Amino acid sequence: QKGRRYEAVKWVMVFAIGVCTGLVGLFVDFFVRLFSQLKFHVVQTSVEECSEKGCLAMSLLELLGFNLTFIFLASLLVLIEPVAAGSGIPEIKCYLNGVKVPGIVRLRTLVCKALGVLFSVAGGLFVGKEGPMIHSGAIVGAGLPQFQSISFRKIQFNFPYFRSDRDKRDFVSAGAAAGVAAAFGAPIGGTLFSLEEGSSFWNQGLTWKVLFCSMAATFTLNFFRSGIQFGSWGSFQLPGLLNFGEFKCSDSDKKCHLWTAMDLGFFIMMGIVGGLLGATFNCLNKRLAKYRMRNVHPKPKLVRVLESLLVCLTTTVVVFVASMILGECRQMSSTNPSGNSTLSLQGSSSEDVNSSIKTFFCPNETYNDMATLFFNPQESAILQLFHQDGTFSPVTLSLFFLLYFLLSCWTYGSSVPSGLFVPSLLCGAAFGRLVANLLKSYIGLDHIYSGTFALIGAAAFLGGVVRMTISLTVILIESTNEITYGLPIMITLMVAKWTGDFFNKGIYDIHVTLRGVPLLEWETEVEMDKLRASDIMEPNLTYVYPHTRIQSLVSILRTTVHHAFPVVTENRGNEKEFMKGNQLISNNIRFKV
């Protein structure tokens, strides 16, 4: 009976972790949306007024005011809990490997992480809210089954279960998976992520629990978001925080296919380029992180806040200037519902794509393509690149890709909570759309579908940066709701991973190494297979007695390079035996306070 009760409580806990992770995602999403809408509404009206009166500096100042305030708040939260910086995936990876990074699954970290990522995304930095969701889920998983927190020491429940390390680790795996599931609406992808990236310890029964947890997270988030946005409670229309919409050809166009066998060649090429770009990104980011460790971290803490504000200032100015000067005016596509690549989320999202078009400084019936990418939340920009019929000019796409690549590389690792998934997807989508443009206009391949190329570009770049294979494939398939994309995504990701691994490791592994965390890899080095225990053991041991003179302690410390010595009790009676066996009889000595 005890065993059954234990199992039942475990299932209830797993469900609770899923629901809570979904609610954290809902909280972040709701406020990011609120702040972004407020900000873009104010700035857009001011830009539209000022483009007639010529007071654009004012609208830039308004935008800067919003962004700098948000980023300042995000940096302050990171000062309170430094572990909350970055995406948190490397740290969770370490935790699941069995290395405890201090403060990583504290309640305080969760609060700082959730609020910080909300402000840093709303503040217009090139960061995503998906990576921190994984960390938040893991903290929920570690904290909920304990029924107590270091932050609230007074509150004590008599809850006897789940005190062992193994149980806690299992729940953290489930929480991390629920985080992925809530972020992308991909429960199976979340489970596979936890299996591939995270845990070194996995048992059969855990898979089922983790999947259940992920499902609970996805559907909690879906239920509340659909209810809040569309007012239709219980209709489940918005699976994850990041939604790619549906890819499908119109019924009238018989020549249009999502992809053909001929495109696979292009996809492999894109995978190679994506791997190279990802390796470049990782290399630059590693250099930058080392520079930060040497020059920013030793200084007073305010320097980190100033660095985040500098990144924010640069980003805002670049975005504003690029949208004003470098954008081109493009023809609006015909907005008939049977257009080539309309989205159909209950018929509402072809308008959804068209509503996020920005017409800064452009005459009627045209739109500014650079502003459309830069002056939208990143999710809308990704939707634009996947589903917009109207063209983006190659020059705009190349400039956008370059600016985004450099700025997101600079941002990742500064002291704000920041995810890497969405910036990489957006960067890659621009690259893929650029390839499709060039193939259409210069080689004359009319049959290709730009949305597919944008998706494959996004997969290639993201795969080149994070080097995940199986889980990323499933996450992307689940986000697009299109099983036919399985083969191209898989091939692209494999090629991107192999190409990238030729040069350096994935970004999370690089950050784990920079942290100095002793992470055990799956495979040992080849040289290690020939080693024996005796190769690393010391035949002449230095040891100390319980009562030793200080002088001899000092001399021992001077003559050795290590700092841990066995304390050995003398056993005069067995001395003869003892010298024969040449072994040390040690008693565990507890120095009582």
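Backbone N, Cα and C define each Cβ position, glycine as well.
Note: TrEMBL annotation is automatic and uncurated.
Database features (TrEMBL):
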TRANSMEM  12-32  transmembrane segment
TRANSMEM  68-89  transmembrane segment
TRANSMEM  110-127  transmembrane segment
TRANSMEM  171-194  transmembrane segment
TRANSMEM  206-224  transmembrane segment
TRANSMEM  264-282  transmembrane segment
TRANSMEM  302-326  transmembrane segment
TRANSMEM  392-413  transmembrane segment
TRANSMEM  419-439  transmembrane segment
TRANSMEM  451-477  transmembrane segment
DOMAIN    540-589  domain 'CBS'
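Stretch with the most C-beta contacts under 8 angstroms to the transmembrane segment (419-439), considering only 12-32, 264-282, 392-413, 451-477: 451-477. Counting same-chain residues at least six beyond the ends of the transmembrane segment (12-32), those with a Cβ under 8 angstroms from any Cβ of the stretch are 110, 114, 117-118, 121-122, 129, 132-133, 136-137, 140-141, 144-145, 162, 171, 174-175, 178-179, 181-183, 209-210, 212-221, 224-225, 228, 241, 377. Under the criterion of 3 or more C-beta pairs below 8 Å, with sequence separation of 6 or more, the transmembrane segment (392-413) and the transmembrane segment (206-224) do not qualify as touching, having fewer than 3 such pairs. Of the candidate ranges 110-127, 171-194, 264-282, 451-477, 110-127 contributes the most Cβ pairs within a distance under 8 Å of the transmembrane segment (302-326).
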